[in-house]
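So the structure is just underneath, and the comments pick up after that.
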Amino acid sequence: MLSLQRQREIYINGLAGYVPKTPLSFAGLEQRARQILSEPAFAYLAGGAGRETTIDSNRQALDKIKIHPHMLGGVQEVSMLLMWREHTLPAPFMLAPIGVLELAHREADKAVAKAAASTHTPMIISSQASFPMEEIASQLDSNPRLFQLYYSKSKELSQSFIRRAEAIGCSALVVTLDTTLLGWRVRDLDLGYSPFILGKGIAQYYSDPVFNALPDPPDNSSFKPPLTLSLIKSIISLNSRMPGGLISNLQSKRAMKAVRKFLSVFNNPGMNWDDIALIRSWTKMPIYLKGIIRPDDALRAAAAGVDGIIISNHGGRQIDGSVSTVEVLPSIVKAVNGKMEIWIDSGIRTGSDVFKCLALGAKGVLIGRPYAYALACGGTKGVVDCISNIQAELELIMALSGCKTLADINVDLISHPWNTK
Ligand SMILES: Cc1cc2nc3c(=O)[nH]c(=O)nc-3n(C[C@H](O)[C@H](O)[C@H](O)COP(=O)(O)O)c2cc1C
């Protein structure tokens, strides 16, 4: 079993005085990332909306679910294989779309793509990635990839992103619904820090022909920041980041214009169910709606002809005081009644969490912050370790609970406080 090999490797290295460079616990990963990263970079990754109670709720709800393992299942081999569309996945999870990964590591999404390819884990490429999707895809070999769309104010731009996603062989389109406006992110606000204004996390946009052809929006902001050393550093950082080079970008104001244009089209607060029908008509790719958190919305999604939903509260980054995702999973599973796939994220940290979500009826889960912190700790190797650790723990819990395959994980193996009647 994979988990036994992993334990053996770690314990034997321990004899030689080596301990894993990528911490195994989430608390350890978070602490190491905090030590390595700058204050604003860590704040952006770790932060949530408002008082961050949604982040806490996600964890508290998962901790309320208890596993009731079967003994004497005689499980000597476990298969975690999951058939998903045309792919056989080694384990029931994917890497969540995480924007601005250059804050965690220079190689950002490209390092993650290498880890995804070496572990055969599907990667959901973010609209806010740090590299154009074509460059990320070039690191993925034949590994499954999906594209996550932030539906822009410019329909033509969204269509162009979708065409590019088709061209790089995406198996599905993930449309994120919960970020039609950016949440009230107090840590970032306290530091006066937005990565986007510095030109970070907008590579999909400045590499897009439709984006580049959009007219520059008028500069009608009456607010101009005072000229300080910090402002000069920010201007240099922004202009050296974009293709074209520092001097040419400064002369042409290309980088500044690109950021202003991005801010004018980034999200679309007017997005509604008609837009889902429109997106459906634009592509043959399977569509997953990310951010659904209510049974009635899940039913609307099924009626809209999408292929699945990802129950998510964006890792607590959008609405403070939102219901946790795992708490609504049973009622959504019941309402949907097998009509489409249900995936879930927000707060998933361990193999035990994955087991609980599957027992409640999710097809699989998305891993978010754990891999972003692991990227900060050790680049591609860090992400590979993080994925392997979650897989190993899931495999052990399955074996220790009497489950030989994912189909054996069911609601009878857990208890939880949420009534679905
Ligand atoms: C730093 C950061 C950036 C994110 N960027 C995106 C994004 O670009 N698109 C998206 O749909 N979700 C984004 N998410 C949300 C994740 O896809 C996922 O829903 C969330 O991380 C799950 O919560 P968890 O990390 O606490 O498990 C981001 C999350 C974080 C932490």
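The backbone N, Cα and C atoms fix where each Cβ goes, and this holds for glycine too.
Source: prediction; values computed, not measured.
The glyoxylate site recorded in TrEMBL comprises Tyr44, Tyr150, His314, Arg317 together with one of Arg6, Arg8, Arg185, Arg280, namely Arg185.
Considering only the binding-site residues Pro97, Gly347, Arg369, Tyr44 (glyoxylate binding site) has Arg369 as its nearest partner by CA-CA distance. When the CA atoms are compared, no binding-site residues among the candidates Tyr150, Arg185, Arg317 lie within 10 A of Pro97 (FMN binding site). Note on the binding-site residues Pro97, Gly99, Gly347: the fewest other CB atoms within 10 A surround the CB of Gly99. Here the candidates are the binding-site residues Tyr150, Arg185, His314, Arg317, and by Cα distance the one nearest Gly347 (FMN binding site) turns out to be His314.
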